[in-house]
Amino acid sequence: MFGMRLLPFLANAVILFNFAIGDNDAASLSGTWSSKSNQVFTGPGFYDPVDELLIEPALPGISYSFTEDGYFEEAQYRVVANPRNIGCPQAVLIYQHGKYEILTNGTLILTPFEVDGRQLLSDPCNDDGVSTYSRYNQSETFLSFDISIDDYHGIYKLQLNQFDGSPLQPLYLAYRPPMMLPTITLNPTATNDPTDAVGKGSVSKRSLRQIVKRNLENKHKQLATKKYSGILVSPYLWYVCTGVIGVGSALFLFS
């Protein structure tokens, strides 16, 4: 009988837990998210804006970072197999950052800084061993996104749904606060007015070098982790709910 009376409490506890982690807003979106390979991360380890270098990770994957005040960063390393010649895969590295907006209907829009996006395309069987390095600018629209606790890994999971509703591969929370390059225009284009090139929202090469150098020096000091502001957003609530369910089930079976 005690087990039967406990079941409504257990159900409410699980509902409360799911409600606590189900808010799809800028606060819950903030952080660095990485795909299953766990090898691709945004930040200075992927792109060096001073020397214009895209750094190839150990494995393909994608990563997105978001701040609470509306900035994003994107890192992609994709490899496409060549079915006609397995020794000729194509690979592409893509870096973008800029601003994002969450609409009232839950749509997520990413608008990159046009001059900062970079792409490195490698086609070893057709480019004579010389990869193509170019600017890249592609706005992105995600119809919706969902943040939850992954049932298998027990960590936060971000599911982005593309403009047509098809799901992107799931991303998992790697850092919070996010690991990102400065949220300003890193490589402003030259203008006739020298003050415009180092104006508001941009930095000079010298100051940019100092910023990136500091980020690199602090790379292994800023392994940010989730900060919990209360019991309702704590992962311990998951274990408490699981334990209570287990106890309730045992009492129900033996009552």
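Numbers here mean position along the shown chain, with the first residue as 1.
Using N, Cα and C of the backbone, Cβ positions are placed for all residues, glycine too.
What Swiss-Prot says about this protein:
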- 1-22: signal peptide (SIGNAL)
- 23-230: topological domain 'Lumenal' (TOPO_DOM)
- ASN105: N-linked glycosylation site (CARBOHYD)
- ASN137: N-linked glycosylation site (CARBOHYD)
- 231-251: transmembrane segment (TRANSMEM)
- 252-255: topological domain 'Cytoplasmic' (TOPO_DOM)
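Each residue contributes its Cα atom, and for ASN137 (N-linked glycosylation site) and ASN105 (N-linked glycosylation site) those atoms are 25 Å apart. In the three-state DSSP scheme, ASN137 (N-linked glycosylation site) falls into the coil class. Counting Cβ atoms from all protein chains shown, ASN137 (N-linked glycosylation site) has 15 others lying within 10 Å of its own Cβ.
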